[in-house]
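*Asks:* Copying in the features that Swiss-Prot gives for the protein in this structure:
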{"type": "MOD_RES", "residues": "S2", "note": "N-acetylserine"}
{"type": "MOD_RES", "residues": "S2", "note": "phosphoserine"}
{"type": "ZN_FING", "residues": "4-60", "note": "zinc finger"}
{"type": "BINDING", "residues": "C9, C12, C33, C36", "note": "Zn(2+) 1 binding site"}
{"type": "BINDING", "residues": "C24, C27, H46, H50", "note": "Zn(2+) 2 binding site"}
{"type": "ZN_FING", "residues": "78-101", "note": "zinc finger"}
{"type": "REGION", "residues": "154-194", "note": "region 'Disordered'"}
{"type": "MOD_RES", "residues": "S169", "note": "phosphoserine"}
{"type": "COMPBIAS", "residues": "175-192", "note": "compositional bias 'Low complexity'"}
{"type": "MOD_RES", "residues": "S189", "note": "phosphoserine"}
{"type": "MOD_RES", "residues": "S212", "note": "phosphoserine"}
{"type": "COILED", "residues": "224-259", "note": "coiled coil"}
{"type": "MOD_RES", "residues": "S335", "note": "phosphoserine"}
{"type": "MOD_RES", "residues": "S336", "note": "phosphoserine"}
Amino acid sequence: MSRHEGVSCDACLKGNFRGRRYKCLICYDYDLCASCYESGATTTRHTTDHPMQCILTRVDFDLYYGGEAFSVEQPQSFTCPYCGKMGYTETSLQEHVTSEHAETSTEVICPICAALPGGDPNHVTDDFAAHLTLEHRAPRDLDESSGVRHVRRMFHPGRGLGGPRARRSNMHFTSSSTGGLSSSQSSYSPSSREAMDPIAELLSQLSGVRRSAGGQLNSSGPSASQLQQLQMQLQLERQHAQAARQQLETARNASRRTNTSSVTTTITQATATANTANTENSPQALHNSQFLLTRLNDPKMSEAERQSMESERADRSLFVQELLLSTLVREESSSSDEDDRGEMADFGAMGCVDIMPLDVALENLNLKESNKGNEPPPPPL
């Protein structure tokens, strides 16, 4: 409550500082603490000639204005963003801008939106007079019967009292209030920089309204019988809704049963069709299988082809026999040419030139070997 929560000085970078806060009405989102403002802090974009709006914390506001009663037109002191004059109320600021700066189109920040809770601290406008006429024209009276009010708890310049807020983010919304805050709709653009507690302010304002209009609320409030009637009506509506829900569920179940029966019928028909098709195709399949077996049993070669194959087999058998015999025959000396010729003649005499079985050839070969073993060895050279 005694600090500007979520606000930092753009000169000394002190955050959540105490005391007065000065808001520049020309530079976007530029704040100074009291010490930096009094020392004349400047930057490349900010100079000492820029109009500044002084904003107080809740504690300082209660200290300065505690116990005083303000009229509706004098809740605070505002600064003109064009000429820098201070001490204006909302009404007098509007009159001053309309008369002195009606043709000025410089972009400035609204001091009322920056100082009052519920406003945008960085609301930039190039038509300040129209903004004042549309947004801040109606007085904020809480009680129509009273001409004065205590604004000590209603409007205070201290923002940042409810929690931290972002310095460069704006959150826009439109609020309309009757009787409590304004008699006409007021459009604000508060940002998260507006961290004061709006709920506490609203509750305090509503408490004043209840005190002033307590009799009217008691006379026009709903009675116990009316509340009972409302409860009965709500119960009837619930019963009707439950009955309608049950009807819908019954209809859904019936439709599901119908769909299930139709699907079952379709599956049965498809099965019968498939069985019929299988029955019709079975004789044809049997005939085809018999036809294939018949083709396998039928001879595929003619007589000439069979003879040529037999002759080819005989030639192959002869070649194999000669190959085996050549490996079994013992090699003789190269000098005995006559013995070689005799062996070849004997080999021809065995009948190997003709086609013979393999066992017959082996038997003839054994006989030849036994005869050669009985002959005397040749004389040495």
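Note that Cβ sites are derived from N, Cα and C of the backbone, with glycine treated the same way.
Note that the structure is predicted; figures quoted are calculated from it, not measured.
So that I understand the layout, could you describe where these features sit and how close they are to other parts?
*Replies:* A C-beta separation below 8 Å, combined with a sequence spacing of at least six in one chain, links S2 (N-acetylserine) to R18, T57, R58, V59, D60.
Look at S2 (N-acetylserine): DSSP puts it in coil.
A strand conformation is recorded for C33 (Zn(2+) 1 binding site) in the three-state DSSP classification. Non-local neighbourhood of C33 (Zn(2+) 1 binding site): C9, A11, C12, K14, F17, G19, R20, R21, Y22, each in the same chain, at least six residues away, with C-beta under 8 Å from its C-beta.
DSSP assigns H50 (Zn(2+) 2 binding site) to coil in the three-state reduction, placing it in neither a helix nor a strand.
For the zinc finger (78-101), the residues of the chain that approach it from at least six positions outside its boundaries are 25-26, 49-54, 108-112, 115, 128-129, 132-133, 136-137, 139, judged by C-beta separation under 8 angstroms.
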*Asks:* For the C-alpha pair, I'd like the distance in angstrom between H46 (Zn(2+) 2 binding site) and C36 (Zn(2+) 1 binding site), rounded off.
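*Replies:* The separation of the Cα atoms works out to 13 Å.
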*Asks:* Hey, how far is H50 (Zn(2+) 2 binding site) from C36 (Zn(2+) 1 binding site), Cα to Cα, in Å?
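*Replies:* So the Cα of C36 (Zn(2+) 1 binding site) lies 14 Å away from that of H50 (Zn(2+) 2 binding site).
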*Asks:* May I have the list of same-chain residues other than C9, C12, C33, C36 whose Cβ is within 8 Å of the Cβ centroid of the recorded Zn(2+) 1 site, in sequence order?
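*Replies:* Here the nearby residues are D10, A11, L13, K14, F17, L32, A34, S35, Y37, A41.
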*Asks:* Whole-number answer please: how many Å between the C-alpha atoms of C27 (Zn(2+) 2 binding site) and C36 (Zn(2+) 1 binding site)?
*Replies:* 16
*Asks:* Using C-alpha atoms only, work out the spacing between C36 (Zn(2+) 1 binding site) and C24 (Zn(2+) 2 binding site) and round it to an integer in Å.
*Replies:* 13
*Asks:* I want the residues beyond C24, C27, H46, H50 whose C-beta is within 8 angstroms of the mean position of the Zn(2+) 2 site's C-beta atoms, in chain order.
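*Replies:* Along the chain, the qualifying residues are L25, I26, Y30, T43, R45, T47, M52.
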